[in-house]
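One structure is given below, encoded as structure tokens.
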Amino acid sequence: MIIKPRVRGFICVTTHPVGCEANVKEQIDYVTSHGPIANGPKKVLVIGASTGYGLAARISAAFGSGADTLGVFFERAGGETKPGTAGWYNSAAFEKFAAEKGRYARSINGDAFSDKVKQVTIDTIKQDLGKVDLVVYSLAAPRRTHPKTGETISSTLKPVGKAVTFRGLDTDKEVIREVSLEPATQEEIDGTVAVMGGEDWQMWIDALDEAGVLADGAKTTAFTYLGEQITHDIYWNGSIGEAKKDLDKKVLSIRDKLAAHGGDARVSVLKAVVTQASSAIPMMPLYLSLLFKVMKEQGTHEGCIEQVYGLLKDSLYGATPHVDEEGRLRADYKELDPQVQGKVVAMWDKVTNENLYEMTDFAGYKTEFLRLFGFEIAGVDYDADVNPDVKIPGIIDTTV
């Protein structure tokens, strides 16, 4: 079939398998052209491995450090008449390129929050890898079925303590509009912490540790975003921020557990990028469009692969890691440069419907968004007939 982008709100409901493969190849080429990660990991588990930062971590480990990788994700395969999810195609492409290099790469499809998927993962590590020396936690999900209670909990994107009104960009209509959000209830805050906080990360590490599949010296990291003042009301000081603060609490006991075997646990702070998760946050498209313009002008613009490759090379496995006073690894320092933030803030209220394209890099934002789904990739013929039914050989599918 010939597949074209069809966007509804903050999701593109079509995906392009050849485009997704080309996008993965571009990221692999970036890593291989920037040289190996010294003393990097060799057997890696990535939880949330199919898109965005998790995929970038899997690529960086495999192609920057020669690592065998096991990826966990929740994606949908394509059929003869309907495309699958971008994450499915990304993972199929990743495994294909890893196999060409003779690297072990296997994937588990299912609900990473569940005990079942944790057990299947442990069994697979024991059978195929023995032990893992890096666990990357990169889940972004709107809801979670708690494995102990069976309750399905939802996360909420709201401010805490007060209603907030802010400027946003309606990406469908391409207009600036005011967005007002009422404060989250305590129940909504608790739900967001349960879905996006550190409990599941801790459950994963506890399960892996009890099963004896963490190597001596094993490290783990979970990805987070802090942002600057302009996004704080909705993000760091909002319900999502409460979940992110929970990561900072949970990491302490995880670190103690791993330190007993010479290992370490860190929260890693990454910059704002276009992902399926960030495009759903009301003020992020406008913020990202301004941020891209400023950072591209300064020559400091980065996407997922640049961020995560740099994180592994410089901080997780580097001699002089970028660490803040909270003990977090920081890869967002270029975004938070006062000059960059100052320019973004100065332009924030000046953007109008009329000057949107000249004042911001909304065009670049739209391109990045479509690239998530395999569109707008250089060298791909989007008028060609493609087969959406792409197999992942050896996948362990717990959803069937």
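Glycine too: its Cβ is placed from the backbone N, Cα and C atoms.
On a predicted model such as this, the values are computed, not experimentally measured, just so you know.
So that you can see what the record holds, here are the features copied from Swiss-Prot:
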type: ACT_SITE; residues: TYR235; note: active site, proton donor
type: BINDING; residues: 48-53, 74-75, 111-112, 139-140, LYS244, 273-275; note: NAD(+) binding site
type: BINDING; residues: TYR225; note: substrate binding site
type: SITE; residues: GLU75; note: site 'Plays an important role in discriminating NADH against NADPH'
Reading the DSSP string in three states, the entry for LYS244 (NAD(+) binding site) is helix
Which entry in the list of recorded positions, GLU75, ASP111, has its Cβ near the fewest other Cβ atoms, using 10 Å as the limit?
ASP111
Integer Cα-Cα distance in angstrom, PHE74 (NAD(+) binding site) to the residue listed as 'active site, proton donor'
25
Residue among recorded positions GLU75, TYR225, TYR235 with Cα closest to the Cα of SER50 (NAD(+) binding site):
GLU75
Anything within 10 Å of VAL274 (NAD(+) binding site)? Look among the recorded positions GLU75, TYR225, TYR235, comparing CA atoms, and list what you find.
none
For GLU75 (site 'Plays an important role in discriminating NADH against NADPH') and TYR225 (substrate binding site), the CA-to-CA distance in whole Å is 24
How many whole Å apart are the CA atoms of LEU139 (NAD(+) binding site) and TYR225 (substrate binding site)?
13
Take the C-alpha atoms of ASP111 (NAD(+) binding site) and TYR225 (substrate binding site) and report the distance between them in angstrom, rounded.
23
Inter-residue C-alpha distance, the residue listed as 'substrate binding site' and LYS244 (NAD(+) binding site) (nearest angstrom):
8
Using C-alpha atoms, which one of the binding-site residues GLY48, GLY52, LYS244 comes nearest to TYR235 (active site, proton donor)?
LYS244
Secondary structure of the residue listed as 'substrate binding site' (DSSP, helix/strand/coil)
coil
